[in-house]
Amino acid sequence: MQINVVKTFLFALAASSVSALAVDTEFRCGAPEPSEELIEASAIMAVAEAEAAANGTLAARQSALTIDTYVHVVATSTSASAGYLSDATIQQQLRVMNEDYAPSGIQFVLKGTDRTVNANWARDSGETAMKTALRKGTYKDLNLYFLSSIPGGILGYCYFPASATTSTVRLDGCTIASGTVPGGSISRFNLGKTAVHEVGHWFGLYHTFQGGCNGQGDLVDDTPAQASASSGCPIGRDSCPNQPGLDPIHNYMDYSDDSCYEEFTPGQNARMSSMFAQFRAGK
């Protein structure tokens, strides 16, 4: 969303209530609210990115990243219908992620896969116990947990970056419904894009509709204002007609159908690099 504001305003925003940037989980994503720490970091980064965009150096803020990735398949049984994903399906999912993140300079390298049959964990009950048992790597490594189902119709959720403490590292990663993988059982959302969306949160991106038409939105300057989440692929939607640009329905951080997703913006690319450098690199 456009954030043509001065530094002093952004720093004031960073100190304001987190509730103004609460993440909408109604449709498909259960990501938690961004913390005050993250909002403050986003505001500071937004200033630097706006200055870089103005002088033509925004692309230089984007870094090439290779992310070690661990996949945990947690299902109610060993049947494919229960979400017990095959190696081939996992490779397809990683291929989608690598294709979609390639313009951002980000690639994911599969370092390990494990499979667990646990009826409670597979329905997203006992998250802390599950992640304590299964999580691998450090805070800079991505852990993906594919579950048979997530309550409330949620397709996935992921934790934003934060200062690396024992608890934040333990819970870190993305939890995703197995039916969203390529060829999965959830129609409209079975091209593997839910993982792309959720990993965007892992890199510190908010939803494009954050804050609606009049708030400060996702604190990324080149994502147009958006009143609410998209559904389907509503070409030409303009939910904030008094703000520049049409709704970013093709952006991975909206709620469009998988077939509608196409891009991250240059500002989002720079933000992901900045967030990784501040919160995850070397952790």
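Including glycine, each Cβ sits where the backbone N, Cα and C put it.
These features come from Swiss-Prot:
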- 1-22: signal peptide (SIGNAL)
- ASN55: N-linked glycosylation site (CARBOHYD)
- HIS197, HIS201: Zn(2+) binding site (BINDING)
- GLU198: active site (ACT_SITE)
- CYS233-CYS260: disulfide bond (DISULFID)
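Recorded features from Swiss-Prot, shown on the structure.
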residue : record                      : Cβ contacts under 8 Å, 6 or more apart
ASN55   : N-linked glycosylation site : none
HIS197  : Zn(2+) binding site         : CYS29, GLY156, TYR252, MET253, TYR261
GLU198  : active site                 : CYS29, ALA31, GLY156, TYR157, CYS158, CYS174, THR175, ILE176
HIS201  : Zn(2+) binding site         : CYS29, ALA31, TYR157, CYS158, TYR159, PHE160, CYS174
CYS233  : disulfide bond              : ILE249, SER256, ASP257, SER259, CYS260
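Within 10 Å of the C-beta of CYS260 (disulfide bond) we count 20 further C-beta atoms, all protein chains included. Following the DSSP three-state reduction, the secondary structure of the residue listed as 'active site' is helix.
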